[in-house]
Structures are given as structure tokens and as C-alpha cells.
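A.B. asks: The structure under discussion is supplied below as C-alpha cells; questions concerning it will follow.
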């Protein structure tokens with residue numbers, strides 16, 4: 001092969017890699033958005049269930065494994081961290097309190113929000 005053909009192939013490969021990188025970035029943004037939306041829907045669902053279940057019937061119910069049948073409520077601190085993340089701050093232990101770059105989601109923060 002001559003040098004021009006090799007250069008053309010390398011240039012073509014570089015362009016395809018750039019396109020794949022852009023596509024991967026878009027998928028990462030979509031995934032982060034879906035994880036975050038799933039978290040908020042989960043919290044909202046728990047709050048709605050809490051309103052619907054009768055207070056007297058579920059407080060003392062225990063499953064065979066010894067756990068309370070009532071789901072653990074998301075605490076006020078967790079909601080505050082979710083609000084801080086929405087406002088553009090890191091809540092992960094790696095970058096806690098620093099400002100996230102505009103439009104960039106942190107997978108560490110999102111995994112922390114989605115913990116059970």
C-alpha cells in the first residue's frame with residue numbers, strides 16, 4: 001500500500017472513532033437522565049404508597065425474614081442531596097461540593113442517589 005492510501009484509511013478510522021465517541025457521549029447522557037428520572041419516580045412512588053397504605057394495618061407487620069413490611073423511607077438528608085445534585089453540585093465522596101460542569105452528569109453521584 002502506498003502512503004496516501006494508508007493516510008486515507010487512518011483519517012477515515014479517526015473520523016469513525018470521533019462519531020462513535022459522540023454517540024457514546026449521547027448514550028451516557030441519556031442513561032444518566034433515565035437513572036435520575038427513575039430515582040425521582042421511585043421516591044414519588046414510595047411517597048404515594050405511604051399515603052395510600054392504612055396507618056394501623058402496616059406499622060407492626062413483620063415478614064418471615066424479620067424485616068418490617070413497610071419500605072424504608074427516603075430520609076430528608078437524601079432528598080437534600082438529590083436537590084443539591086439537581087442544582088449542579090457533586091454529592092459523591094470523590095468531588096463532594098464542587099460544581100459539576102454544565103450538562104455533565106457524574107456517574108458516582110447518580111449511583112449514590114440510586115442506592116437502596
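A Cβ is built for glycine as well, from the same backbone N, Cα and C atoms used for every other residue.
Sharing the feature lines straight out of Swiss-Prot:
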BINDING   90, 92, 106, 109  Zn(2+) binding site
COMPBIAS  58-67  compositional bias 'Polar residues'
REGION    52-73  region 'Disordered'
A.B. asks: Where's the emptiest Cβ shell within 10 Å among the binding-site residues 106, 109?
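C.D. replies: Relative to the other binding-site residues in 106, 109, 106 has the fewest Cβ atoms within 10 Å.
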A.B. asks: By the DSSP assignment reduced to helix, strand and coil, which category contains residue 106 (Zn(2+) binding site)?
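C.D. replies: Assignment for residue 106 (Zn(2+) binding site) reads coil.
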A.B. asks: Give the sequence-ordered set of same-chain residues, not counting 90, 92, 106, 109, with Cβ within 8 Å of the centre of the Cβ atoms defining the Zn(2+) site.
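C.D. replies: Neighbours within 8 Å of the Cβ centroid, excluding 90, 92, 106, 109: 85, 91, 94, 95, 96, 100, 107, 108, 110, 112.
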